[in-house]
Every structure is written in structure tokens, then in C-alpha cells.
């Protein structure tokens, strides 16, 4: 297997790397003269930079974001910074800005693109393919490998997930002067676009990125990486799940140890033991320290404050219930009521004693202290490894419990999605109900109603055919009965499939199944399940995902156990 080829020495990822550098998004094209921006009811000609930013907002007019005050304020603040002094003198109130004509222009442009002829669409595809061919591949150790995201992100307005405090801020255009190039010394170094130069050229074979820059809003690094289907990425993925599988061998010892530490004389050890219990049982993130300043008030396990939990000796028929309510990663709310073991409950009462709501719950604990302890328990162990382990084990156990070998393919897929959903709930992978949900459910219900009608008609046809056979007893009438029964059976199967689809869609409307499926679930569990129950792998993974998990499809047989 190509996934088991000879490894390089520690830390070295490649010996040769050659590529064209990133593809920069085209520069802004001004609006046609007859498409205007209005301020206080009067048309106002904007400078090019100001107009471009106005189009970012105009394109989003029918989106929920532009109704949010924080989005509006951040946008207006950043937009005014880019205006000329004359424009700043005039444009002082967002409510007096009218973007509707610009919005309509882009809606019409979008519709026109959809209405293109087959030949015109083919021409656009050929142009995109040409760019992909030129920029979308690199040479890595003599192999031509696909690059993942070879284009720089276009400028626009930051959205963020959840109620992000920076939503609406201006994402600036990435220029060659922002970009660090990484390649091998002996390769042909990529040429920057004419009139520009790179920020830096590096020759670092201990990293796998090809280009990098810092985005202006979160000040985080962005990278151009290899495609998930590349050998390097596949190996990294495989290693990640092998580390999680190693945890399986020691997790019982770790659990016994943290239970023992719940009664430790050292308060720091006690807090660490309770935090570790939450990371293990609830798949909470550790909660790494964040930069000071105006970032979202998001927390993880170690940074929980007293105000983030409530203790209930009894609640909803359960004992020792902890009610969590805080903003987790990406400002996604984590809300959960969990019945915990009595010593955990008692310790939490102790940790909260004589503290204000804004005080740290685990005041003696830092993520560094916790991570050092995890490393000591097992080489390579982090909170994320616990998350990966618990997610994968949950999927495997749920699949065993829920899959009925007698079910048809649709029934087995419903069981798979239910098992996947148990993981998504564990990891708090939520999404808002899609805007199209009500309409798509209505369309599906109409299909179900129509299919029910067909089934009823087919039942009547079967009865009619049976009566005819009763009367005549001839072979032709008997064949007709069989024919009608076959049709009825097919229609009933189609109806059952539609009903399963409706159940599945309803159950998953607020759960994001994709995140855990792509990042936390060992794909070999899914591959083995497919092979065992004769489910086509494409029912679980789309083409891109099958490329990403080629290593798992190659390795796992139906007896694979995580």
C-alpha cells in the first residue's frame, strides 16, 4: 500500500517541493455607470475602493447578517476608514445608505450566469480547468500532487460563526507582498505577479504548507496546503487516528487515576482531575489561552467561570446535575444538563465556594499544566485526542447497536446517520436550521402524499386483478396478479424510502454531521461498516471525501475494530 511506504527521518516532510505559488483573485471591476449608490435619497459617485466595499454589503442585503447591529456597526466603521475625506464628510449614517440598486445588479448577474447556454458554461469550465492545471498542482518528491486551496481568499466582509463580535469587519485583499512562499532550494521559485514581490521565500521542509499569509481580522495564519487526497495529508490523518487508538489501551488506567485524584489533598490535582473528567465524558475542548482585547468571550474547559455552570442536587428526576451554558469555539453556544458522579458534584461545590460569578471555576489550573499532565499519561495525548477517541468509539458502538442487518439500504443509512448524530451531539456540532428547510420538507411531503396515493391505487389494482383471476382462473389473469403485486411492492419500498428520508432530515435539521465525519471519526469504522453490510461507500462519502480517505478505503476490511 502506498500509505505504508518508507517514512522519512523525524520532522522531514519532503525533499523536493516545486509549485507556481497562489492564484490571486482578479482585481475589482467597477460597476456600470447606470448602477448607482444613493445617500439620503440622492445618487453619489463613490471612489473605486469605497465602491468595492459597498458591493460587499450590497451582495448580502438579503442575508440575516445585514440585519444584525454588530455586523452593521463593524462594517460601517471599517468602510469609513477606507473612504476619501470628501466621502467621510458626506456618508455619516448607514441608515441613509441605499445599496438596493447594486444588490439588484448582482442578483441579475447571478441569474444571467445560471441561464448561460451549455456551450457558454463549458467555456467557463475550460477557463477554470486551465487555472487549476497551472496553479492546482505541485511536484513533491518527484510526484505530481494536487493542491487543496490554491486561490487566495477574495476580499469581503467577515462573517464568523455564531454571534461573532467581529462580524461585518473588512477582510482585506491579499497581495503578493503579504505572502510567504515555501519551496525547495533547487526548485524553480514561483514568480510573483508583475510589479510585485513576495514577502519572503523559505526553504522549510519540516512543514507541509506551500504558501502562507496572516489575515487581517483574527491575525491568524492562512495556508495553501496539499489536497486532502495527497499522500502527506493521508499519512497525517492516519497517524492522528492511530494516536487515538493508542488511547484505547490506556484510557481505563487514566480514568482510574483521575477518579482517585478527585479526593487528592492537592487542590490543583483535584481541579485537574475534574477538568479531565469533563474533557473525557463531554468531549469539551481544553480552552487554550486567547489574546487579550476584543475577541469573543469564548471559553473551554480550563477557562470556565463560575457563571458558566449551575449545580442542581436534583433535576428532571436525576441526581447531581451540572447545567453548562457558555460560548465555545467559533462562538457556538454550549448548553447541556449532565448528571455527574457524586464526587465531581461535591468538588464543583467546593471550587465555587466564596467566588464571584466572573471568577475562574478552575482557578488553580492552566491549559499548560493540564497538557503537560496529558503528555505524561501518554505520548501525544491532548484534549483533541480524547475528543477523537470518544467520537470514534461512540460511532462504532452506536453502529453495532443500531444497525439491523435485515433493513434495506435506506434503513441502514438512517441508522448510520443516527450513530453519526450521537457523535455530533457529543461534540456540540450544531448549525442553525437551513433557510431552505421548510420548503424542502414541504416538497418532500408532497412527494410522500403523491406516493401514498399511488400505493392506494396499486392496492386497488391488485384486488381487481385477484377478483378477475377468481372468476376466470386462467394463466393470463394469474400473470397479471403477479405483475400488479410486483408494482405494489416497488411503490411501497419507494414510500418507505421517502418516509425514512423525511425522518432523517427532520432529526438532522440543527445538527452538523459533517464536522465530526471529516475530523473526528476514524473513516475505517465507516468503511468497515459499508463492507460488512454491503452499503456502497459513495452513500457515506462523496467524491472529495473518498479521495481524502483513500488510505482508509485501501486499508480497512469489514472486521476492522477501532
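Placed from the backbone N, Cα and C atoms, the Cβ positions cover glycine too.
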Checklist entry - According to TrEMBL, which stretch among 79-106, 107-134, 135-162, 163-190 corresponds to the feature coiled coil? => result 107-134
Checklist entry - When you measure from the Cβ of residue 520 (active site, O-(3'-phospho-DNA)-tyrosine intermediate), which residues in the chain that are at least 6 apart have a Cβ under 8 Å away? => result 387, 388, 391, 392, 423, 427
Checklist entry - What same-chain residues lie close to the coiled coil (107-134): Cβ under 8 Å, and 6 or more beyond its ends? => result 20, 23, 150
